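Q: Sharing a structure, written as structure tokens. Questions coming.
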Amino acid sequence: MNINLTLFGQMVTFAIFVWFCMKFVWPVILQAMEEREQKIADGLDAADRAMRDLEVAKGKATDQMKEAKQEAAGIVDQANKRANQIIDEAKQQATAEGDRLKVAAEAEIEQEINRAKEELRASVAGLALAGAEKVLEASIDEKANRALVDKLASQL
Amino acid sequence: MAGENPASTTEYIQHHLQNLVYGKLPEGFERHTEAGAEVLTADTWTMAHGAAEAAAMGFWAIHVDSMAWSIGLGIIFCWLFRRAAVRATTGVPTGFLNFVELVVGFIDGSVKDSFHGKNKMVAPLALTIFVWIFLMNLMDLLPVDLIPKLMVLAGVEYQKIVPSTDPNITMGMALGVFVLMLYYNIKIKGTGFIKELTMHPFNHWAFIPINLFMELVGLLAKPFSLGLRLFGNMYAGEMIFILIAMMFAAGAGTGVLFGGLNAQLFGTETSGIFWLAIFILVCGVCWMNLQGKISTGRTVLLTLGLLTVAGGVFALGGGLMQWGWAIFHILVITLQAFIFMVLTIVYLSMAHEEDH
């Protein structure tokens with residue numbers, strides 16, 4: 001347990017190893033570690049940013065989808081409305097056409113009736129004349145008159 | 001290996017605690033060699049044979065084993081970490097680099113926690129201290145007899161493989177730290193350092209001698225406590241390993257037939273080799289079991305048989321105790337390396353701060 005030269009030998013050795021470590025070991029390793037730390041931090045940052053971007057893009061996509069859906073719904077609505085309108089218009093047109101046809105038909109019928117009436121009137125007048133002629137020709141026989149008048153009446 | 005008698009037990013411990021010393025034997029010193037006594041006619045630089053010669057060398061001696069292990073471990077540290085530094089990239093770290101970065105990160109954290117000045121040297125200093133002391137302490141976990149025995153076989157008389165159980169080593173590092181403390185105290189504070197020494201804690205000129213005394217004691221206590229704490233812890237740990245090893249050896253003495261037979265056949269000196277052989281055999285048996293060549297039941301029987309041959313269950317108990325203490329000691333060696341490092345940082349931090 002005697003103290004001797006070993007003491008100084010160890011001091012010198014110690015100094016040399018510390019110098020070596022300070023020169024060739026510590027800075028190299030620490031620098032590598034710090035650079036890696038920086039790199040990892042950058043990487044994480046980038047990942048975060050990408051995540052945020054993704055989030056934003058997702059939001060945007062959802063918005064666009066919603067818009068598109070709304071637009072589509074609007075278009076369908078409009079189309080439905082338009083279809084109803086067309087149907088209504090067609091109905092109205094059909095009704096108007098029907099009415100018009102009915103009026104025309106009625107007018108024609110009226111016309112026919114009038115013509116028939118005219119014809120009837122003409123033929124009644126003829127008949128009456130013919131009947132009167134007959135009556136005047138065959139004198140008056142009650143019975144015969146009677147029959148004639150009846151005949152006349154039935155011809156009316 | 002020690003036998004049962006106290007003399008050889010003492011010898012065993014002393015042998016374990018003796019460094020391999022190279023130094024200057026003074027003129028007129030009487031050396032006892034195998035050839036007989038010999039009186040030196042001039043100062044001689046030589047290897048010491050035994051504690052008496054080592055003591056006679058006094059200050060002009062060097063612990064070759066401590067220095068060799070300490071420098072060797074330091075070189076291992078530098079080599080490993082330099083290799084990691086060369087391979088360090090900003091990419092994904094793998095394998096050993098991961099481990100090195102863990103250590104570097106841990107020490108960087110510790111330094112940033114307690115050192116707030118600007119100094120590029122403190123962190124590498126802390127790293128060197130931590131890893132180097134840890135490696136030196138780690139030598140304690142090698143079986144106490146293994147390397148000294150092998151060294152004896154190789155013709156080297158003494159070998160203490162744990163440098164941190166040598167006060168020269170621990171105090172050498174503590175003094176290194178002390179020199180740095182003084183340097184930065186003077187560099188950063190200039191005359192403020194003298195003022196700190198003379199005007200604290202009583203700020204009056206009449207108290208200067210008292211202040212100086214108190215502050216100097218405080219200042220000197222730092223390196224001493226630093227070095228001696230590490231030394232004390234490691235020395236005590238080593239001592240316990242040696243004591244357990246002696247019980248282990250005593251187990252061999254009292255053990256069943258072959259322990260004694262071994263001593264009869266080969267003498268106590270080769271017991272270590274015997275233990276090594278048994279250890280290798282047991283490892284072999286376990287390995288064969290792992291390979292699936294023999295069943296577990298047979299493994300247990302073979303192991304127990306080998307251990308019985310090697311000196312009985314008592315020896316097994318000794319082995320278990322070594323093992324248990326080694327596990328506990330892992331905590332101690334790490335903790336001591338850490339404490340040395342943290343205190344170094346704190347002391348240097350104090351040297352950098354104006355007010356305390």
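Glycine residues also receive a Cβ, built from the backbone N, Cα and C atoms like all the rest.
A quick note: this is a predicted structure, and the numbers were derived from the prediction, not measured.
TrEMBL lists these features:
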- B:57-81: transmembrane segment (TRANSMEM)
- B:127-147: transmembrane segment (TRANSMEM)
- B:168-186: transmembrane segment (TRANSMEM)
- B:240-261: transmembrane segment (TRANSMEM)
- B:273-290: transmembrane segment (TRANSMEM)
- B:299-320: transmembrane segment (TRANSMEM)
- B:326-348: transmembrane segment (TRANSMEM)
Q: Any chance the transmembrane segment (B:326-348) and the transmembrane segment (B:168-186) are in contact, meaning at least three CB pairs closer than 8 A with a sequence separation of 6+?
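A: In contact, yes.
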Q: Let me spell it out: take the transmembrane segment (B:57-81), skip the flanking residues so only those 6+ beyond its ends count, and list any with a Cβ under 8 Å from a Cβ in it.
A: 19-26, 47-48, 96, 100, 127-128, 131-132, 135-136, 139, 158-163, 166, 168-169
Q: Let me spell it out: take the transmembrane segment (B:168-186), skip the flanking residues so only those 6+ beyond its ends count, and list any with a Cβ under 8 Å from a Cβ in it.
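A: Cβ under 8 Å, 6 or more out: 63, 66, 70, 119, 121, 125, 129, 133, 136, 193, 196, 219, 222-224, 226-228, 230-231, 234, 340, 344, 347-348, 350-352.
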